[in-house]
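Quick look at what TrEMBL annotates:
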type    : residues : note
DOMAIN  : 12-132   : domain 'Response regulatory'
MOD_RES : 62       : 4-aspartylphosphate
DOMAIN  : 142-256  : domain 'Response regulatory'
MOD_RES : 191      : 4-aspartylphosphate
DOMAIN  : 278-348  : domain 'PAS'
DOMAIN  : 417-640  : domain 'Histidine kinase'
DOMAIN  : 661-777  : domain 'Response regulatory'
MOD_RES : 712      : 4-aspartylphosphate
């Protein structure tokens, strides 16, 4: 590609850039296009030489330069003082700005085009050739003249055309608004008195739609108040009719220059703010990075570096600057580093490498990664991987712990599934048992047998609750609470539970952080841990309960699978019993594992604690040795919410027979039939549905009010809250009561809490059903 024919001289390009690297790069690109390049490091030098030579074919300039910057340079080239250069095209190449705004500013100052640096060499050559061949012409500024005098409007339009503007005119407010909406005008000259309104209307509309448009007002009687009002509204200037046209042109040019400079100033301030914010962010980022980072030249000299406070490899930053790798590293490590620097320079890439260095009496391991920075400089990042290597050395232990966790997870899923199915059967047994007891006189021969069946069913229900707790599927109602008062309320019951021969001590931590979980789960945790501790004590001994706050760091989680960094509240139950060996410690949380004699325990106590803690995203630590007692510490995640008071619900008085209409939705046929019989026995009208679709059909066909929707949380095709929302569209008067026998997931639990509906846990007795129905209806 060439900018000239073989017989004509090469076009002269005046190139101005204060950055020597950019100046050299742009010169080479233009010279390869067969152009005669005259390169200057300042606008002053370029203007001095241009005055003594024939005008160049094109000026290529940067914007941000010391002395006369690119903006002033462009204005000088378009000024009467430098008339020979007024028609010379200008191409701005700058990294100072990018996007549409710089193009408009460049056009305001008379430049033909703008390219953002760093610029692609091919694109630069194409743009220069297009300008030289007249295919890239200067964007002329557009002016809209709003004047109802055709004579004056025509004269102004011709004058603006002669001075390099694209001029249009309008004679009314309506015409001006339509024209302004169709084109992007740089200047608007507005008469104040128009046939269909005032120029104020256009001034406000134009300034609102395009703040960069220069608006000049004109009228025959601009009083002080009117002039002040125009300026407050954003007018750049105003003129009194009649006026000299040259005076108007000068005012327009001055206003456009001022507006361009204001835009430049705004952009400079914005970019300065962005630069400072970027530097602040980068400083904060570097301060948080624990890795050592440094820049090296080809000989291994330190050019710049970031040394974190905890770095264990090098000396402080001020002692490193100007020194060589060989001054601070062992010879073999320095040689290996320099070899990687050379490999990066030759091949453009190098693989990470590791090395060792003695520090403070110990050998530490480091990993180094490198990348090109600029020129021959290399950026290197050194990371201390000693802890990682130690963790790898403990890989067998971690693998065993992982396998144990996976086994516990599998057992939990199996136990949860069995408990869920068993729960449904128990729900039918307990419910129908209650119905039979309610219809049997106490002196009947079958009454004691029925009562014993109920007691056995309740004990079975307790077992399923423990299994569900272990499997993390226990139905819960978590809330934010302070552990200290919750534990204190349990102390009396716990002392009765462990007996008089064992001393129970309690050390609450002041200013304890809050946690979020179901208070009943704290009761389960404490009861099971204290019973476990009691059984480990022979004759007399001590059980100690304590709480405290703890922040867990990432490094402290390496050998503790399941523990994640963060703030925790610790609940510890310790005893001075016979302790446990390692084999026992590995098995204590497995369901049905027990060290007691046959018939003396279910083996679900600690499994229940394990499930509750995992359900609440916590962790458990066990410290015990044979003959040294044991300490089990529960880690519960900190919650930043406000503690909610713990409510003690008094048993509701037995209400009279109900007569409400209840839509019952349950997909288990046996439970559906049992619940229908229970509710009808309580005097309610029951609409039974075995699926959400059937429930919606019943609700749509039932014209009378529905007082209550009693629905399972988990249903086919649609869950409980979704069904309740659909039913409220048909029966907005209906209240809601949910039931379930296991945890349904955080999203479903959250939906239930947001709705504020009460909850009935399966399996339930007749009294529990009656109580919850009364509560849901507002009578409990």
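The backbone N, Cα and C atoms fix where each Cβ goes, and this holds for glycine too.
Here the structure is a predicted model, which means the values were calculated and not measured.
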I'm a bit unsure how to read this: which one of 12-132, 278-348, 417-640, 661-777 has the highest number of Cβ pairs shorter than 8 Å with the domain 'Response regulatory' (142-256)?
12-132
Cβ packing number for residue 712 (4-aspartylphosphate), 10 Å threshold:
24
What Cα-Cα separation, expressed in whole Å, is found between residue 191 (4-aspartylphosphate) and residue 62 (4-aspartylphosphate)?
39
How big is the Cα-to-Cα gap, in Å, between residue 62 (4-aspartylphosphate) and residue 712 (4-aspartylphosphate)?
72
By a simple count, how many Cβ atoms lie within 10 Å of the Cβ of residue 62 (4-aspartylphosphate), its own Cβ left out?
23
Going by DSSP assignments with H, G and I as helix and E and B as strand, what are the residue counts for the domain 'Response regulatory' (661-777)?
56 helix, 24 strand, 37 coil
How would DSSP class residue 191 (4-aspartylphosphate) in three states?
strand
By DSSP, how many residues in the domain 'PAS' (278-348) are helix, how many strand, and how many coil?
36 helix, 12 strand, 23 coil
Around the C-beta of residue 191 (4-aspartylphosphate), how many further C-beta atoms are within 10 angstroms, looking at every protein chain?
23
In which DSSP state, out of helix, strand and coil, do we find residue 62 (4-aspartylphosphate)?
coil
